[in-house]
Structures are given as C-alpha cells and as structure tokens.
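The structure appears right after this line, and notes come after that.
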Amino acid sequence: MSGKGLSPAPFNAQPMIVQDADPLRFRVGEQDPKTREFAAFIGDHRYFAAAAAAAAAANPHPHLEFRQNFYSEKPIIGNPNDSGGSDGEDDVDVEEEDEDDDLDGNEGDIGMNKDAGEDSVSAGAVIVVGQDNAAYYSQHFKTVEASFVSRNEESSIAADNGCDFSGRRDLSSSSSNSIESLRTILSDPTTGSLMADAMILPCGHTFGAGGIEQVKQMKACCTCSQPVSEDSITPNLTLRVAVQAFCREENSQSNHPSKRKREGFDQERRAFGVTNHSGRSRNKSNHFPFAVADRVIIKGNKRTPPRFVGREAVVTTQCLNGWYVVKTLDNAESVKLQYRSLAKAPEDPSAKATPNKMVSNWL
C-alpha cells in the first residue's frame with residue numbers, strides 16, 4: 001500500500017495528563033465505609049449486621065426473601081477478605097476488627113445471629129469472619145441447633161426414666177424410696193406384712209398367711225373375686241426366696257449405719273483422749289491374765305534365755321503392756337517376760353500345804 005494520497009490530519013486535541021493507574025486497578029465501585037461492626041462475606045460482597053437488622057425490620061417475615069438474599073448458599077469465589085477497596089484499607093479494617101474481637105470476644109457471632117432472627121439458626125451457608133480472619137460456614141449454626149436438640153433429648157431422657165423423676169436425685173433418698181417400693185411389692189395386699197409364706201392362687205394373685213385365711217373364708221380371691229378352692233392354692237416359692245433375700249439385705253443395711261456410727265464415735269473419743277472402758281477391760285484381761293503371787297511356768301520364746309525355759313516361777317511384779325517380772329522357785333532368779341511367754345502352773349496339793357511365810361522369805 002503506497003502512502004502517496006495520505007496526508008497527516010491536524011492534531012487539535014487537548015494534551016492528555018498521564019497518571020499512575022495502579023491505584024485505579026483495584027478500585028471497582030464505591031469504597032466501603034470503615035466501621036467496627038461485625039461483617040459477613042458472601043461471595044464478593046460484604047454485609048454488615050446493621051444492614052441485616054434493618055432488612056429484617058423492614059420485612060417482618062424474612063424467611064424466603066431475606067434468607068435468599070443475605071444467606072445465599074453460593075460458595076466462596078476468590079479471596080473472601082477482598083471488600084472492593086485497596087490493600088491498605090483492607091489491612092486497616094482487619095486490624096480494627098482484630099482489636100474489636102480482642103475486646104469483645106465472640107460477641108459478633110451472637111449479635112449477628114440475634115439480629116438476623118431466630119430462624120437464622122437453621123439457615124443456609126453463611127460465611128463469617130472470626131478472630132483468626134478465617135471463614136466459617138453454616139455448620140457453626142447447625143452445631144448450635146444440634147446442641148439445643150441434644151439438651152432437649154437429655155432432659156426428656158432424664159424426665160422419662162419410668163419413675164417420673166429426674167436422675168439427679170440424692171442417692172440416699174432414691175435408695176430409701178426403692179426399698180419402700182420393693183417392700184410394698186413384697187407385702188400382702190390385705191395385711192401389709194411381708195409374704196414370707198406366700199401362696200399363689202389359680203388367678204395369679206399371691207397372698208400371705210393373713211390374706212390366705214381371708215381367701216379361704218370367702219372362697220374367692222380378694223383382688224379379682226374369682227372362685228378359689230383350697231386344693232388349688234399352691235406355695236409361691238419364688239416370691240418366698242425374694243422376701244428372704246430382701247430381709248437379709250434390709251438387716252445388713254440397718255446394721256452397717258450403726259457400725260459406722262459406733263466406729264466414728266470411737267474415733268472421736270480417741271481424738272479427744274477418752275478411751276473406751278469396755279475395750280480397756282477387754283485388753284486388760286488379755287494383757288494381764290496373771291496376778292501377783294501366781295505360780296506360772298516359763299514357756300519362753302526365741303529371745304528368752306534357754307536356762308529359764310520350762311522352769312516354774314512366781315509373779316512378783318506386774319508391768320505395763322502385759323509384762324511381768326517373775327522369780328524362779330529353785331534359785332530365786334528374776335526375769336522380765338511377757339504374758340505370752342508364761343503359762344498357768346497346774347494345781348499341786350503339796351504346794352498348797354507349803355506355808356506362805358516360806359515363800360515370803362525370799363520374795
């Protein structure tokens with residue numbers, strides 16, 4: 001193509017001013033207002049709790065419109081922290097939100113949930129920025145809903161346990177009530193006494209001795225008025241065994257508190273320095289089976305000198321903790337032994353004829 005017929009056009013336009021276009025590269029739309037309110041990111045947009053509250057107030061039933069607009073189930077595309085402003089402004093907003101989270105904790109989640117209404121708990125996917133600047137989905141709200149359901153189930157289980165009372169009751173009261181109810185079941189419906197000699201009728205009702213006497217007089221069951229003959233009355237062995245086991249358990253429970261009470265009383269007496277007189281007399285009879293001037297035979301033990309073993313002696317002194325000082329009769333040698341090393345000497349008629357003054361010469 002030749003350039004013979006071309007001529008340059010006159011340039012009459014105003015000169016252009018060239019500026020740096022880097023700040024304009026990310027500036028799309030108007031700048032978001034700087035605020036400390038808790039915000040939620042849905043897609044590429046950021047919504048504030050105040051705007052959500054205003055929308056909820058304008059629409060009294062935001063189940064469909066508000067949920068479709070605000071709680072859109074569209075997943076995150078791109079960077080959820082990009083609010084349409086510059087990078088520097090985003091950093092400032094993040095720092096301000098972090099400081100606000102440090103002061104208020106998790107109040108933003110609660111406030112947003114409360115402003116959005118009670119129905120927002122079961123809403124769709126919602127992206128919420130927390131303290132660590134991370135996105136949370138609707139599982140957070142479903143967890144809250146699940147916790148409420150679990151609490152309701154727990155309360156229903158606690159209430160519906162067959163006895164119409166909560167499981168968190170005092171153990172002593174529950175055990176006493178169970179014992180009383182079991183006693184009522186095992187008691188004669190006519191006399192109220194335990195059916196240790198239970199007899200069963202053909203109709204299936206069981207009575208004790210007193211109830212059976214009334215049944216024989218009436219010739220009919222006291223409960224269902226069905227005719228009964230004396231030959232058809234048979235012993236209820238199973239119920240008799242149950243009554244015997246109940247009586248044993250009741251006796252053991254009645255004995256245990258008294259034993260614990262007695263042991264606690266003894267501990268208190270020992271703590272205050274008061275000894276038990278019955279125990280002291282019993283220990284005294286065990287530790288001091290001999291008296292002064294009693295004739296004993298030295299049995300000895302592994303620490304007793306062999307020359308004393310088997311010799312006859314007489315008790316001269318009674319010491320503490322069951323110890324005695326005895327003196328042999330043949331050579332008047334004294335030794336201190338415990339009561340376990342001594343035995344009562346057999347009765348000897350010749351020893352009775354010996355005058356007491358002969359023994360007192362060397363004592």
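Every residue, even glycine, has its Cβ placed from backbone N, Cα and C.
Swiss-Prot tags one of the stretches 7-27, 28-48, 217-237, 343-363 as region 'Disordered', and that stretch is 343-363. In this model, the domain 'U-box' (181-253) carries an average pLDDT of 86. Counting residues per DSSP class in helix, strand and coil order gives 36 helix, 10 strand, 27 coil for the domain 'U-box' (181-253).
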